[in-house]
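**Q** Right, I'll just put the structure down here and ask away after.
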Amino acid sequence: MYRARAVRAGPDPGSPGGRFGILSTGQLRDLLQDEPKLDRIVRLSRKFQGLQLEREACLASNYTLAKENLALRPRLEMGKAALAIKYQELRELVESCWDKQQRLEVNVQRWNPQCALNGLRAELEEAEQEAEEQMEQLLLGEQSLEAFLPAFQRGRALAHLRRTQAEKLQELLLKQGRPQPPTPPPPPSPPPAAAPTKLFQLRYALAPATAALLPSGVARGLPAAPRNLPPLDSRPVLPPGQGSPLRLLGQASLLSPRPPQSEPPHR
């Protein structure tokens, strides 16, 4: 009874530990010397078989991954080549950018607005000089009129264009150089002018009196005052120095006489 319990509590007979546990010392020594038998016992163990299955699964997985990697290898090589090309283009763009930036700095220092104005003035002088030379050639008979007119027109047009550009550029430089003045307030609106109408009426009212003072022959030649007077804006405006005598007389009559100044009493 105790022996059966010991057997049940012992190791599994199918396992290597259970098999080796029932062997004697001499049998174990013989088993160690018999390598083929020992190898066969190890291969038949459950642990070894589980490890063998895991190994085969890993080999299959590695084989699948290797096939996928080999299929993606051309794409990888093409990507590397494209990346190398992009790096080369980037390097060229950086060099071009630095070159253009240096040239821009040189041009900014060289071609400022004042230099542009000097260049326009030089071109203007050159165009005027060419026009003078063409005129001299025409006067000396060295150039025909048919050949002179187109060339002279082009030269004068170019000179006019350069002069206009130089003037506008000079105005811009002056505006940039000086501060902007404050905007003046708008002028007050003038009161309604009623004096011209009164002057116009007075002028025609003095016409009969002036005609009475003149001789009879001259008085008949004077025009009578029209009854229907035209509006004030429709009358022609005469220059300041060509006014009629009646206008001068009407303006003189409007002047108020100065009051006499009181003299201090004599002592």
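The backbone N, Cα and C atoms fix where each Cβ goes, glycine too.
Automated prediction, rather than curation, is the source of TrEMBL annotations.
Pulled from TrEMBL, these are the listed features:
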- 117-144: coiled coil (COILED)
- 179-194: compositional bias 'Pro residues' (COMPBIAS)
- 257-267: compositional bias 'Pro residues' (COMPBIAS)
- 94-183: domain 'VPS37 C-terminal' (DOMAIN)
- 176-195: region 'Disordered' (REGION)
- 220-267: region 'Disordered' (REGION)
**Q** In the domain 'VPS37 C-terminal' (94-183), how many residues does DSSP assign to helix, to strand and to coil?
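**A** The composition, in the requested order, is 78 helix, 0 strand, 12 coil.
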**Q** Restricting attention to the domain 'VPS37 C-terminal' (94-183), give the mean pLDDT.
**A** 86
